[in-house]
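Okay, structure first, notes after.
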Amino acid sequence: MIAATTVEVGGGEPYAIHIGDGLLGDSALLAKTFRGRHALIVSDEHVAPLYAEAVAAASRSACTNVQLHILVLPAGEAAKTFDNFTRVIDALATLGATRDACVFALGGGVIGDMAGFAAACWMRGIDCVQLPTSLLAMVDSSVGGKTAIDIPQGKNLVGAFHPPRAVVIDTTTLRTLPPRELRAGLAEVVKYGAIIDGAFIDWLDAHADALLAMDATALSAAIARSCTHKAAITERDPLEHGERALLNFGHTFAHAIEAEQAALNGGWGAGLNHGEAVAVGMVLAARLSTQLGMATMDDATRLTALLKRFGLPIRIPAGLDADALLARMRLDKKAAADGLRFILWDSIGHARVVAGVDESAVLQVLRAD
Ligand SMILES: NC(=O)c1ccc[n+]([C@@H]2O[C@H](COP(=O)([O-])OP(=O)(O)OC[C@H]3O[C@@H](n4cnc5c(N)ncnc54)[C@H](O)[C@@H]3O)[C@@H](O)[C@H]2O)c1
Ligand SMILES: O=C(O)C(=O)C[C@@H](O)[C@H](O)[C@H](O)COP(=O)(O)O
Ligand SMILES: [Zn+2]
């Protein structure tokens, strides 16, 4: 049994991130996060059969007259659509959810983003408690309040900032997570080391085998350190006016890869998943930093080696065209009138926003892969 930890997120809308074993069944904890009588548990077809009943039981014992519904959506990136968003809204309407209602987002980042967006929109904003069950959702998507759905033109293009009421991370749910999804989550863990915590990269190097073997102590430590970074950055800059953009390291490339794969292969989720695309994107961002004379090639090589060790892809998938990827990047949310903005680094652990990046340098990096 690993000792439970809490990371507090301050600012205008403070909340707590609870990390520990078995927390989904902790009715006293759920009672603290739940104000009203209506509860909608939104989950997916893989996660709901495993964990939705535990959350429902805890909600019923937290509030004896709770009106509760469990909505089960298809799993995976292809489900992060307007249609499924509408299904969440319909479920809230059918439940008769009042302003003190709560949406419990039980699943990976897809469910967290989509259910969170519905909570942001219903009656202009009701509580959303994030109950992440994938490593990626535990270390990244459940914290910070970015919610969204995908549209054919790009990832997360329709969404809102809506901080959760609380985040409850039950680390025992990782026991059922498929290995590929564990590795995808490790990509976003590596990201924190890459952007602001070089010592974390040393730690990840030293604990890579333990993490891949699902060692509970190593995983809990990685989750807590990642959440602490994400909490601190999003507390200081909740709406991405500045520093928060660092969390987008690798994402200009990753989102272009994900969108282009979707266009060529018949929908979102084809090919690399988000974490895998971020791994490739971080390698490309590191190489672009070298190309622009900001950083040495040694740092890019070290990052690439760590991602490879975690079983993550490090190259653009075959068949994706460099010009098509560049065109996708022009709709990146960080782009502005002065052109593309990338998160690049001076060295491991020292990233910054770079505006007005020359497209020819980007193309050179894409073509060299
Ligand atoms: N809002 C943010 O700040 C933020 C941050 C990072 C990523 N994201 C978004 O998150 C999404 C990716 O999230 P993801 O990687 O969790 O993908 P996901 O939600 O598709 O989950 C991955 C797969 O694992 C399954 N799964 C999840 N937990 C499980 C468990 N405990 N046991 C068994 N199966 C389980 C899911 O059913 C799914 O098939 C992307 O859409 C990405 O854009 C958002
Ligand atoms: O929280 C953030 O800010 C991030 O950028 C975290 C990213 O890992 C995440 O993929 C996010 O959804 C990307 O945001 P977007 O604004 O580029 O869609
Ligand atoms: Zn991401």
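Positions of Cβ are set from backbone N, Cα and C atoms, glycine also.
Between the candidates GLU45, GLU53, GLU188, GLU359, TrEMBL assigns the Zn(2+) site shared with HIS251, HIS274 to GLU188.
Proximity to ligand 1 at the level of Cβ atoms, with a cut-off under 6 angstroms, picks out ASP113, SER134, THR176, HIS274 from the binding-site residues ASP113, SER134, THR176, HIS251, HIS274. Here the candidates are the binding-site residues GLU188, HIS251, HIS274. The one whose C-alpha lies nearest to that of GLY109 (NAD(+) binding site) is HIS274. Note on ILE111 (NAD(+) binding site): other Cβ atoms within 10 Å of its Cβ, all shown chains, come to 32. Between the farthest pair of Cα atoms in the NAD(+) binding residues (GLY109, VAL110, ILE111, GLY112, ASP113, THR133, SER134, LYS146, LYS155, THR173, LEU174, ARG175, THR176), the distance is 29 Å. Secondary structure from DSSP puts SER134 (NAD(+) binding site) in coil.
For ligand 2, no neighbouring binding-site residues occur among GLY109, ILE111, LEU174, by Cβ distance under 6 Å. Taking the Cα atom of each, HIS251 (Zn(2+) binding site) and THR176 (NAD(+) binding site) are about 27 angstrom apart.
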